[in-house]
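Chemist: Grabbed the feature section from TrEMBL, which reads as follows:
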type: BINDING; residues: 61-65, 129-135, Asp158, Ala255, Gly316, His362, Asp428; note: (6S)-NADPHX binding site
type: BINDING; residues: Asn62, Asp125, Ser161; note: K(+) binding site
type: BINDING; residues: Lys399, Gly400, Ala401, Gly402, Thr403, Gly427; note: AMP binding site
type: DOMAIN; residues: 13-215; note: domain 'YjeF N-terminal'
type: DOMAIN; residues: 220-486; note: domain 'YjeF C-terminal'
Amino acid sequence: MADVVAFYDTEQVKIGEQGIANELKITMYELMQKAGTAVFQAIVQSYPDAHSLIIFVGKGNNGGDGYVVARLALLAGYGVQVHHHGDQNRLTSDSHKAKQDYLNAGGFLLAYDDLDFQNIDLVIDALLGTGLNGNVYPETCALIHKINHLNLPIMSIDIPSGLCANTGFASKEVIKADTTVCLIAIKSGLITGSAREYVGKLVLDDLGVKTPFCKNAFVKGILTYAKIKLRKPTYHKGNSGHSLVIGGDAGMGGALLLSSEACLRSGAGLVASLTDTTNIMPSLVRTPEVMASDWQNQEMLSQRLSWATALGFGPGLGLSSFAKYLFIQITQQTLPKVFDADALNILSLTPNFDDLRILTPHPGEAARLLNCTIKDIEQDRYQAVQKIQSKYGGVVVLKGAGTVIYDGKQFFVCAIGNASMATGGMGDVLTGVITSLLAQGYNTTQAAVYGVHIHSLAGDLAAKTKPIGLIASDVIAYLSNAVYLSSNG
C-alpha cells in the first residue's frame, strides 16, 4: 500500500501556511518565493524544451506566485511576457512586492493586445488561485476563454483559474490546464467534481514544509487506498464469508449477474443470489459458482438471509410491489449491507437510518435521496454526501469522476479510474466488490474505501487494452489482479 495522501480545504491551507511561517520563522513573502521557485522547477522538469513563456497574473497571491516565476524565468534567460489582469492597485502586499521584484529584474507588463503569441512554448495561469468563492467576473471569463483557445500548453499554479478549490465546481469558464502544480498540499476541489476535465496532470510540491504544515492544518480527507489481508495457507471458503446479492427483476437480470460475479472475483468464499426465475438459468450458465435461487420462494429468502455474512441489494431490482416487499424484509436485517440502484430509489420514498449500510448512489440517485437537483449535488459533492449520511446513516459512496466517500467522520476521494468506465453495469460491479469485502470481515468504511479503489484500479488495468468500448465484464476480469495488487502493492 502506498503512503496515505491527505487533502485539505482552503481555510485549513491558510491556517497551515501561517503555521509554517511561525514555526520556520519566515515571512509569507518568503513562502511565496518558495512557491514560485517550485513552479519554475516544474516548468524545467515538465517542459524542458520550453524557453518562451506568457504568464497571466491576477491580483491575489496566486498572481504573486506568477510574478516570482516570471522573475526566475527572466533571470534564467527565458523569453517572458506578463499580462496583469485586473486593477494593479488592488494587489495584495506580497504580490505587489513580487511584481516590483520582477520589474526591477528588467521585466515589463503588457496589455493583452500587445502580447506576441508567436513561438510561445508555454502559458502560465496565475489568475485566480484558491481564493475563488462564487462566480467569475465576465471580463475574467472572457480572458479564460481566450487562453483556452490559444492552442498552447497551459500550466496552472495551484489550481486552474475558475475551478472552486474546495468543491471542484466549475465556473462558466475554467482554464483547461495540461499541468497543475499544486503547492504545499492537495486541495479538495482538485480531485472531484469537474476537476478532472480541467486539472490535467497533477503535480504536488510540498515546498519542503510538509511537517510544520501537517502539525497545524486539519485534514479534510484522504485519497482512497486498499490494504487487503493476505490469506493464510490454511484458508478455506468459509473464512472468506457468504455474500448474498438480491436483485434482477424480469428483463433486468444482467445487473444481478454482474454483481454476483464481481463478488466472486473480489474474493468472497461463497456467493448466492436471489432473483426472478427467468435469471436463474442464465446465471448458472455464466457463473455456475453462484448459487442462484428464486426470490419468490419465502423459505429460500429466509434461509439465505440467515446464511449471509453480507448483503448486496438493488441491482436490476425494479420498483414493483414485490421489490418494495423485499425492501421491508431487508431493512429489518442487522447484517452489513450495500444498497444500490432501485434499492436507493425505494429508500428515497421510505427513508430510514442504518449505520450498518453502505449507499452507493450516482448523482441522479443522490438527488432523489435528498429531494434536490443533480446540479445541487454536483455543485458540492462533499456537502451532498454529508447530507445523505446524516439523513440515512452508514457510509455513503457518491459515484462519478472523483468518487467521494463519507462515513460520518472522514472523507475519502478516489483519484484513480477513467472515463472508459462510464458504461452500463459498472455500478453493479462496484456493488459486488463492496459486498464481497463486507462478507470477508472488513468494516463498512474499509469495504467502501477499499472496494471503490479496487474497482477503479481494475478499470484502469482493463482500459490499458480497451480504452474504447470497455464494458463492465472487462472490469470484472481484472478484479482478481486488482485485489492481488492491493495486498502486495
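Placement of Cβ uses the backbone N, Cα and C atoms for every residue, glycine included.
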Chemist: For Gly400 (AMP binding site), list the number of other Cβ atoms lying within 10 Å of its Cβ atom.
Modeler: 19
Chemist: What does DSSP say about Asp125 (K(+) binding site): helix, strand or coil?
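Modeler: Looking at the DSSP assignment, Asp125 (K(+) binding site) belongs to a strand.
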Chemist: Counting other Cβ atoms within 10 Å of each Cβ, which of the binding-site residues Asn61, Asn62, Asn133, Thr403 scores lowest?
Modeler: Asn133
Chemist: Can you grab the distance from Thr130 ((6S)-NADPHX binding site) over to Ser161 (K(+) binding site)? Cα atoms, rounded to a whole Å.
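Modeler: So the Cα of Ser161 (K(+) binding site) lies 8 Å away from that of Thr130 ((6S)-NADPHX binding site).
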Chemist: I'm checking region-level scores; what's the whole-number mean pLDDT for the domain 'YjeF C-terminal' (220-486)?
Modeler: 97
Chemist: Do me a favour and check the Cα-Cα span between Asn62 (K(+) binding site) and Gly400 (AMP binding site); whole Å is fine.
Modeler: 29
Chemist: If you measure from the CA of Gly427 (AMP binding site) out to 10 Å, which binding-site residues from the list Asn61, Gly64, Asn133, His362 are inside that radius?
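Modeler: For Gly427 (AMP binding site), the binding-site residues whose Cα atoms are within 10 Å come to His362.
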Chemist: Looking at the binding-site residues Asp125, Ser161, Ala401, Gly402, which has the shortest Cα distance to Asn133 ((6S)-NADPHX binding site)?
Modeler: Ser161
